[in-house]
Each structure stands twice: as structure tokens, then as C-alpha cells.
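Have a look at the structure below, then the notes.
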Amino acid sequence: MDYFPVISVDLQSGRRVVSVEYFRGDGPPRIPYSMVGPCCVFLMHHRPSHEVRLRFSDFYNVGEFPYRVGLGDFASNVAPPPAKPFQRLIDLIGHMTLSDFTRFPNLKEAISWPLGEPSLAFFDLSSTRVHRNDDIRRDQIATLAMRSCKITNDLEDSFVGLHRMIATEAILRGIDLCLLPGFDLMYEVAHVQCVRLLQAAKEDISNAVVPNSALIVLMEESLMLRSSLPSMMGRNNWIPVIPPIPDVEMESEEESDDDGFVEVD
């Protein structure tokens, strides 16, 4: 049996929120399709290709889509990355809570890409310590891809768009693109988020009265990478997020009836 995607759009707080849910079918699709990890993707704008290439972009740049991508009970048509330098950090972050990051303005901004709001979902899906079955993973992967690209009706273009977003942000941050071939898009988003967090952490560390577990882990990882793999830190061009200055309520002075004059008997 195969699982096919159903896309739904809800109106929440005045904005359109897309979700993808997979349902069991009664056989293989009757139209061209691909598998991105556990996700079946119907192909309407790209030709399926059985060739093996180094990068996802080697396919969609010529109007094609790899027949199989990523991990699964199949051979991927996109080659895996040569290394996963941030797997340890991803596993550590996978056990933290969102509030560990959102209390600091720069860390919050770092994990707000690519969704436009802070999320640890990509770390959860990429952690080797968090295990979910494919029934849950396929819904989450497809939903995250569509929400990241702000596309509400096309899963195929969402996966292409997400890899384009990863490549664009990687170039901005000074990340080697060979580490982000499009083999595992959820991991690759988490990889870019790690670099963003490491670049952002130095801003929040200088302002933190007492560093929490998230800042401590990021400080330790930063020190280790600077001594062993400094290129993994990227270009270090983070634009600081300045925390807002809290409003200070001033006591209003009572108005004087005598306008500053003192009566003398």
C-alpha cells in the first residue's frame, strides 16, 4: 500500500496555514511521482529522473525531479553529504525546549528561519535520539516544507523551493554547499540553523546575566569548532537583534494650585 498527500488550508488569526496529511491508498499512483524520504510527491511540473547526481539542484535546474531522495528502503538518486558536522549539536538541541531559545532575541531570530517563526521542529526530525515512525514523519516533513515556502497548493514545488532557500541562506552564512546537497532537507535546514545559532549566540551571551543550557551548549560548541573546524562557523556576518528597551513608567508630578508661588501671611 502507498500513502498519498492531502493538502488542507486553514485560516488561523487571519492568515492561511497549510497542513499535509497522508492517507493510505489502494496501490501506486497513476501519475508520475517521487519519494522524498517517506513522502510521496506527485510530479506535475518536473520530469522524474532515475539518474544519480550529486545535488538535488542538478535535477530541478533542468526541469527534472529525482525519482528517490534521501533515506528510505530505496537507493537515493541524490548523493548523501560527505559529512554531518552538526549531528552532535542537533541531538543536544533536540532535547531542549523552545523557551530555552525564545528568551534570547538573537537565538529566537536564528531559529525563526525558514518558517518565519521560532521552531525546533527541524531539530526534532533530524535528531538521532528522537525516533518517530514514518506515519508521523511524512506529515511533518511535507507540512514543514510547504510552510517554509509559503506555498499552499503544491508539494512538489515546496521541496524544490525549500532546497533553494537552504542554498541561498548557506551562501549568505558562508556554508559549504557540498554539505547541503538536498539529500535530507530536514537535516540540512537544521544544519543551517546550527550555524545561525552559533553566529547569533555571541550577541546574546554578552547580554545574558545568567546563561541557560542553550547558551552554554552553543558556547561550548563554538569553542570546539573554532579550534578544530573553524570553517564550519561560516562567515560570521550575523546582524544583531537589539532587545527592546523596557518601558519605564514615570510618576506624574502633582500639579500645584499655586503655580509655584508661595502665599505669605
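Cβ from N, Cα, C; glycine included.
What you are looking at is a predicted structure, and each value in this text was computed from that prediction instead of being measured.
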- Task: Write down the residue from Ser231, Ser252 that Swiss-Prot flags as phosphoserine.
- Result: Ser252
- Can you tell which of Ser49, Ser256 Swiss-Prot marks as phosphoserine? Ser256
- Message: Mean pLDDT across the motif 'OmegaXaV' (261-265), rounded to an integer, is what?
- Response: 42
